[in-house]
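S.K.: Structure provided below as structure tokens; questions to follow.
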Amino acid sequence: MIDINPVMILIHLTDGKGFVWNVDDARMIREEHRLVGNLVGALVRKPRQNLRLGLPLQLLPEETRLLVEIGAASLVRHSLNEKDHSEDDDSSMDRAKSPSSTDDQDTLQTEVEVYEEYIEDSYKEQRKLALAEKRRTLEILSDRIAERRAKRRQQRGDVDETPMESSSTGPIKELQHLEETFYFPEETMMVHLPTARPSLGVVQEVDVCQASPDWPYAGQPEHEMRFKVFKDLWQRGYFLTSGNKFGGDFLVYPGDPMRYHAHFITICFPYNKEIPMSDLVTAGRLGTNVKKTVLLCSPNQEGAVTYTSLQWSGMQ
Amino acid sequence: MGFTERGKQCLLPEEAVYLLECGSIQIFHKDMPLSVQEVYERLLLHQTLRVLQYQVYSHLKRLGFIVTRFNSSSSQSAYERRLNIRSSIGSAGKRKRSPSLRSEPGLSRGRDGDVCGDERSSEDKSVTSCTEAKESNREGRTFRDMSDRPGKCPDHDLKIKLSDQPTISDHNGDSRKENPPESTDPSEDVTMENLPGAFRWDFSKISFPDCAPDRPCNVFPAPQPALLPENVAGREVDISPWRQRLSLKPEKMSRKERDRYDWERRFKSNVRADAAVQRCGNWTEYKKLLRGREESSRKARPPHLWASAITPLVTPEHGKTTASVLDQITVMTSSQLLDGSERLLDVTADVPQIHFDVYQADGTSDFRKSRPGLPYARVCVRSFSEAVPSLRSLKCLALRSVDVPVVFALVDCGEVAFYSFKDFRLPVDVYP
């Protein structure tokens, strides 16, 4: 039985990438665990711009693995097909329900009913509120409306004066019949589009230490090397983000990336590997142009990471 | 954008996810509305649309572009561009085929058939007949090299010969309204046999009529009967009405180009300006003339320059421009990305796939769903962890999209960056 601790952060695995959909989890990852990630979804308030994006938060494989290893998060993946229900043994199912199809239909039916009831309630509520709003507006403006009407009637020449309209002190006729004439169709109702799943559904936990089709990184030498470097730098208190824009593996910040510029560009090499001189020159020149120090990192056999920094220096 | 299928408006998965994120639609599955997370997990797993590609798609859409899936039929081959086919075709998407153009079931036509059909309906017949002839040659795709059929002006002969000869042209015989449907078998083996036949013509004896604008040639003589099959009779034809239609469009040159053209006219000489060259009837005579000139110039050379082991690089008449001098001493030849790309086998596994066509959506663009026109760029989505494609696969990729630049969208944990390869030509000539 997967005992998912409700306090744990859930990282959802989609297409080999880890996503965090819950806003509290995303905040906790940044504030408490010092991991930055990348927001990749549309910002709800302003969806059609690229400067500031919203949830989900996409995490690097190294960040995902780090969170799982320190016990702050668990990596889960959703199974979509009904076939998965019957193939897994009952212990892996989150809900304690028998995997027969009729029961699934029933649950679906009740879910639909619950939803439709919720929509109905929401509609009534919104109609009530809209009605109250309209009444308030009309009351505020009723005097002015009555005045204008009287003026227009005078201009037209006092033809067909009805007693109701001639009274300038009573309420205008709209207010009297507001309940009946108020038009609030269902299409104008506001609906909520949730970002994260409203309910957890069926999930399976994914092991970060074992390679699987969903999580192909475990065991790959490059991933292991990068992860060691990542963890070492993280433990020293730095913030790390992806460094591909600057030709390296990671960018190292002394504090939150919103506050500081990166100090280092990290390039990971396997220990004892020969680095071509042209690569060193490339890295050095790049670092100089963007005013960052290039760190050549290699985890050695003992597990510690050795760092070599490249800095442009004149002949002095 | 979406598309309509059987009367219902449908959306592509990436469009649906994008609209949901914008808050414009609600997606239901089994009567329950889906959250954004559920939609990501359901729709972004397929081979045709991964999370990477969706991230690039939404990035471009948020910037304001119109993005559609790559439609390989919207890309033209070099031949089609030479014929400027695009201007005559209305739509690049769905096209209505008239029933008379229905092809025989054994032929593989694809878009070529459509091209023929639309060409015919929209343009003047006399203009299209020359191009149709070329198209017909092109249809046999494997025989691209043989498309310039030797012997005679192709348009006449094809009109006459179609009913008989089982050549490449017959593949298109069905597409013509004027000719009766062919009964020849479109088997490729027959045309294969014709290939070695092409070499049995003696080109030194066949005269090619020259119908350049400055040549006085208004009548094509009847083709030699020896070159025609037995039951076909050739005739001479007056081409003056057609010559009036050649090169109708004046070439629009920018100011810089016009200056360059004037300068070249002054300092670079046209080979045909020479009366002696004009008197040459064919290539043999021209080569003889050239050899004679070389010998006479050799006799006139100063011995102190030419007698020793080291001789000058250029002679006075050849050294008028910087380009000709550089030509003599150049070590490298400039090459473009598309050089030699036609000869490469398209090994699809290596070549990166083009995913999207991107159109601009500003006031100057004339994008219509039914007639999108030429895209602004084509996007190929890759991740940073993949290797840079080899030159060979780049050439194949460039060949797939000759008219439109290909842009690589590299995605790195949600961040998208665009890169492309540009051709660069080193300057060789000095223009004042």
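Including glycine, each Cβ sits where the backbone N, Cα and C put it.
When I checked TrEMBL for this same protein, it listed these features:
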type	residues	note
DOMAIN	A:9-77	domain 'TSEN34 N-terminal'
REGION	A:79-109	region 'Disordered'
COMPBIAS	A:79-97	compositional bias 'Basic and acidic residues'
COMPBIAS	A:98-109	compositional bias 'Polar residues'
REGION	A:149-170	region 'Disordered'
DOMAIN	A:224-307	domain 'tRNA intron endonuclease catalytic'
ACT_SITE	A:TYR253	active site
ACT_SITE	A:HIS261	active site
ACT_SITE	A:LYS292	active site
S.K.: At the Cα level, what's the spacing in Å between A:LYS292 (active site) and A:HIS261 (active site), rounded?
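M.R.: Roughly 9 Å, rounded to the nearest whole number.
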S.K.: What is the number of residues in the domain 'TSEN34 N-terminal' (A:9-77) that are helix, strand and coil, as DSSP sees it?
M.R.: 18 helix, 25 strand, 26 coil
S.K.: Give me the CA-CA distance between A:TYR253 (active site) and A:HIS261 (active site), in Å, as a whole number.
M.R.: 7
S.K.: Looking only at the domain 'tRNA intron endonuclease catalytic' (A:224-307), what is the mean pLDDT?
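M.R.: Looking only at the domain 'tRNA intron endonuclease catalytic' (A:224-307), pLDDT averages out to 91.
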